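Residues or ranges marked as ATP binding site in Swiss-Prot: Gly153, Gly154, Ala155, Gly156, Val157, Gly158, Lys159, Thr160.
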Amino acid sequence: MSTAALVEGKIVQCIGAVIDVEFPRDSMPKIYDALILDGSELTLEVQQQLGDGVVRTICLGASDGLRRGLTVKNTAKPISVPVGKPTLGRIMDVLGRPIDEAGPIESEHTRSIHQKAPAFDELSPSTELLETGIKVIDLICPFAKGGKVGLFGGAGVGKTVNMMELINNIAKEHGGYSVFAGVGERTREGNDFYHEMKDSNVLDKVALVYGQMNEPPGNRLRVALTGLTMAEHFRDEGLDVLFFVDNIYRFTLAGTEVSALLGRMPSAVGYQPTLAEEMGKLQERITSTKKGSITSVQAVYVPADDLTDPSPATTFGHLDATVVLSRDIASLGIYPAVDPLDSTSRQIDPNVIGEEHYTITRRVQQTLQRYKELRDIIAILGMDELSPEDKLSVARARKIQRFLSQPFHVAEVFTGSPGKYVPLKETIRGFKMIVDGECDHLPEQAFYMVGTIDEAFEKAKKIQ
């Protein structure tokens, strides 16, 4: 469409990131239309029609220097971003513009960031397991190919490091394309992630979309949709794609900010009244169809470690597997700090993962649960008051707890020990030996920060 044909309007009010624009009454923009400020690249997205030709928009960029009376043009279509192979290896912003100073993105195709979720009869369920090489995840909450996974945790328990390790293990082994959406996280993490991908030579298979903490709420709200749109395009071309979001909570938070600016009444804990709908719109699109699959891993910040907060609670219902990171476990120095009793997966079913894996997982959880129940007694009366069976349970539980830790490739700088990738068979064999009592003679330190059970035996020899 030529710029001459664009309908023009005038700014009539600016309140922070919310801009009201007046258009001729017979040519008002539609909801979600993108408007462009004349003479600049600043984009506004229509959120409400107030009547009398006035629309209320949210600004996707800094609103510094805006004033009443400036001319705005209506593009008469929603925000569209480049999709396809030219986006791989590039860093883009919410509007799909490159921010890596490596020239323009030469993409033939663009796609609107607002898409309908696939119809129910187009969906394709999957039960094929996705091996991550992380013992605690493969054993307790295995991932499905084409499934949705959430990493839940408070501040500083290791969501981003866990996600980086998953990307490192899956993206390298997987060989397909990945899309990473950095939603309202630290720019430092975005930079680290870029270099991590570059150093491991998988950058040419990853599209990076960033709307970081320092950006206006409009950008943070829409950047998840931008990344998802790119992932959907690869899926619709018949590919299996990985979609990583860090952090889905910031998406909700940006929605809360926008909602308040638009003058909506807040609901529980001050969140937007449309929380469930906004989350549903995003999550229903992250799905696998008969054409291709999207396997998504989402980090979910848990405010004040409260899993019943409306934001994480709304996210729970959409996921196939939940990995809960616990501050108590992190404080023991056990990393990844995954809580084996709180984390769950829909794949934990003997018909899906097999009888042996299912039995071992349940036995490990029973042992840990028994230890949890006995902890108060031990704190008051000491170990001597326990029955011989309980003493054995506690000893095994402590070994299991330590064996659930693992050195990560992406954390080699901090730990000083090389990262370990543990195949699922080895994970099952190791935990089977512990619960069967074949490792009762080994000291519990031998199980800390090792890969396979054989390494624990080697470490025990050095200790003794």
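Using the three backbone atoms N, Cα and C, a Cβ is placed for every residue, glycine included.
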Return the residue, from the listed binding-site residues Gly153, Ala155, Val157, with the maximum count of other C-beta atoms within 10 angstroms of its C-beta. Gly153
With an 8 Å cut-off on Cβ distance to the Gly153, Gly154, Ala155, Gly156, Val157, Gly158, Lys159, Thr160 Cβ center, who else from the chain surrounds the ATP site? Tyr301, Leu325, Ala330
If you draw a 10 Å sphere on the Cβ of Gly158 (ATP binding site), how many other Cβ atoms land inside? 21
Which of Gly154, Gly156, all binding-site residues, has a Cβ with the fewest other Cβ atoms inside 10 Å: Gly156
In this structure, which of the binding-site residues Lys159, Thr160 has the fewest other Cβ atoms within 10 Å of its Cβ? Thr160
